[in-house]
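Heads up, the thing below is written out as structure tokens.
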Amino acid sequence: MTAMTVPPSLLPLEPFPTAPDTRASTPHIRLHGLGKRYPGGVQALREIDLEIRRGEVFGIIGRSGAGKSSLIRTLNRLERPSEGQVLIDDEDIGGYDGQRLVALRRRIGMIFQHFNLMSAKTVRQNIALPLRVAGVPRARIEERVAGLLQLVGLEEKRDAYPAQLSGGQKQRVGIARALVHQPQILLCDEATSALDPESTQAILALLRDINRRLGLTIVLITHEMAVIREICDRVVVLECGRIVEQGEVWEVFGDPRHAVTRSLLGSLRAALPADLQARLRQAPGAGDPVLLDLQYTGASRRVPDLLAIARAIGQRVDLLHGGIERIQGRALGRLLLQVGAPPGELPGVLAKAALVADKVEVLGHVAHA
């Protein structure tokens, strides 16, 4: 596999001030005691403390009204916090105004759910617009736009108009336009919510590619756990303006602690099938096997081994249902096993099952069909 290179036209228009010796070990973005209150007393954010590492893809998820949009919009000062601090490269941006605020927003690109393209301008003209407004020389604009069209895969659509593009192509234009000033941070506000599943996967793959090739820090908000699973390194869960859970994606998916997280994960986790649920009893009938839930949270890096499970339990074992997926190199999921063990032997069966899974739970007994 050949190494990918960044087109020369994607080099910065002008260098950003950096201090590698002091910034290398600090978070790229840090929020301390952040709060946001709107007129009428609506408290959108409460006591948010958060660190986002340089170069990571960081996800913010929550239900509608949880405070996701308010949070992401404080990062480029589209919203001014009511309390607390937003620090970029360890510098508080709360006092920025005028030219300092303009410079900040050029360092922080943003894409939205709705593409906000100018219908009377071509793809090339839409991408070039921020550079024209900034007074960048024409030749430099053409070079820069050509590199961005190559990056997002729209070279052949350079002279097309938005009405001639698919939703995924429109979002690619939005991404290219957000990158014109060579930002260090890219904010994504529900960037795939208006797309079909195929276009969603393509846009997420493009964002991950951009993250790796350009070293951008990407912060995205979504209400879809599948998006978090696909692209993010770490995630926070918001509810009523507060962080209720956070961690590496595999940690949050493998062992969700908060009810909101479990609810958001509901459609992605292997649920108990209805026919099996109908046969489940808490008190065993004569000869009814026990139903065990073997859970794999990723904490031990254990990989489910069906033969090892059968040998460890040492009883008649039937796999009735389950699902395992890999997230960040770890196996996560659950296996539902029907085990033909007499009640007196159940403690020993559970002890053995605990040797081959991260968590074991007795769900009940399966009545004979």
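Positions of Cβ are set from backbone N, Cα and C atoms, glycine also.
Model, not experiment: these values are computed from the prediction.
Swiss-Prot lists 29-265 with the feature domain 'ABC transporter'. Taken from Swiss-Prot, the feature ATP binding site applies to GLY62, ARG63, SER64, GLY65, ALA66, GLY67, LYS68, SER69.
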Using a 10 Å radius around its CB, how many other CB atoms surround GLY62 (ATP binding site)?
25
Given a separation of at least six residues and a C-beta threshold under 8 Å, show me what packs close to SER69 (ATP binding site) in the same chain.
ASP189, ILE221
Under 8 Å between C-beta atoms and at least six apart in sequence, can you list the same-chain neighbours of ARG63 (ATP binding site), or say none if there are none?
HIS223, GLU239, VAL260, LEU264
I'd like to know which of the binding-site residues SER64, LYS68 has the most other Cβ atoms within 10 Å of its Cβ.
LYS68
Return the count of C-beta atoms lying within 10 angstroms of the C-beta of ALA66 (ATP binding site), excluding that atom itself.
23
Once the chains shown are all counted, how many other Cβ atoms turn up within 10 Å of the Cβ of GLY65 (ATP binding site)?
14
Measuring CB to CB from GLY67 (ATP binding site), give everything in the same chain under 8 Å that is also at least six residues away in sequence.
LYS36, ALA44, LEU45, LEU238, CYS240, GLY241, ARG242
Under DSSP, is GLY62 (ATP binding site) part of a helix or a strand, or is it coil?
strand
